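As recorded in TrEMBL, the features of this protein are as follows:
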DOMAIN    14-233  domain 'Sugar phosphate transporter'
TRANSMEM  12-32  transmembrane segment
TRANSMEM  38-59  transmembrane segment
TRANSMEM  66-84  transmembrane segment
TRANSMEM  90-112  transmembrane segment
TRANSMEM  124-143  transmembrane segment
TRANSMEM  163-184  transmembrane segment
TRANSMEM  191-210  transmembrane segment
TRANSMEM  216-235  transmembrane segment
Amino acid sequence: MKLFEHKPFDARTVMGFGVLNGISIGLLNLSLGFNSVGFYQMTKLAIIPCTVILETLFFRKKFSRYIQLSLSVLLFGVGVATVTDLQLNAMGSVLSLLAIVTTCIAQIMTNTIQKKFKVSSTQLLYQSCPYQALTLFIVGPFLDGFLTNKNVFAFEYTPQVLFFIVLSCLISVSVNFSTFLVIGKTSPVTYQVLGHLKTCLVLAFGYVLLHDPFSWRNILGILIAVVGMGLYSYFCTRETQPKPTEASPQVTQVKEGESDPLIADSLNAAENGAAAATDEPLKVPMWSSKYARA
């Protein structure tokens with residue numbers, strides 16, 4: 001459709017990135033399947049500090065104390081609003097740990113690849129999505145069968161089910177596009193902050209539209225999270241603004257000989273006519289070519 005320019009680049013990087021993205025998506029879904037909702041929310045909360053640690057260790061990126069404070073307030077608020085129960089199990093914990101690590105690496109790569117190869121979010125998504133889809137298509141059905149003893153191809157796909165599957169795919173395409181765009185233009189940490197804003201909006205819309213149960217704990221957590229997001233946005237904007245450079249003193253051109261006091265005094269006296277008022281001869285060094293007599 002010529003909406004963007006096709007730009008191929010390093011095939012190995014694209015393949016590795018696409019496979020890693022597919023694994024990340026699969027592990028997040030497995031984590032939700034094997035853990036309670038509260039523990040899954042803790043898994044999502046852990047992505048931000050993990051991303052900060054990885055970027056600090058491997059990319060030497062520095063996060064100021066103000067940014068760290070705002071992120072702490074945000075995570076505390078989302079935790080208060082969403083984490084209800086923490087039922088632990090060995091399999092779920094391992095899957096959550098793998099999901100956190102792969103998600104952080106995939107989102108950091110989304111940012112670094114766009115900058116390194118100078119590709120847009122659409123170009124990167126176009127190059128990597130076939131590998132991502134192929135990874136999930138090959139691994140997904142076999143893994144589902146192994147874990148649930150159910151065959152996804154044996155399901156009865158009615159027209160209504162197919163409609164919602166297609167609708168889900170269309171929405172997912174827009175989500176993927178916006179994800180790559182936000183990470184490429186900002187950072188993985190900012191994208192995670194935006195994701196927690198989505199969590200707060202889901203709770204709010206669930207209460208308004210679907211009349212889901214809503215407690216004062218949810219309200220308090222959302223308010224704290226919004227304060228954390230506001231602080232993060234403020235400090236990020238303040239730190240990215242260019243600092244005013246100190247005005248450097250203007251360097252004036254020095255006339256020939258003015259760096260030597262003897263020459264400067266002699267030249268000033270000659271220009272002011274002081275030598276004409278006295279009978280003393282003008283004392284000019286022999287190396288001053290400007291006033292040397294033949």
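Each Cβ is built from the backbone N, Cα and C atoms, and glycine gets one as well.
With a cut-off of 8 Å on Cβ pairs spaced 6 or more residues apart, the transmembrane segment (191-210) and the transmembrane segment (38-59) reach 3 or more such pairs and are scored as touching.
Remark: the transmembrane segment (90-112) contacts the transmembrane segment (12-32), by the rule of 3 or more CB pairs under 8 A.
Taking Cβ pairs closer than 8 Å, the transmembrane segment (66-84) reaches residues 37-38, 41-42, 45, 48-49, 52, 189, 193, 196, 199-200, 203, 217-218, 220-229, 231-232, 234-236, 239 in its own chain, all 6 or more past its ends.
The stretch from 12-32, 163-184, 216-235 with the most CB pairs below 8 A to the transmembrane segment (124-143) is 12-32. Sequence-distant neighbours of the transmembrane segment (12-32) (same chain, 6+ residues past either end, Cβ-Cβ under 8 Å): 40, 43, 92, 95-96, 98-99, 102-103, 105-106, 109-110, 113, 117, 124, 127-136, 139-140, 143, 147.
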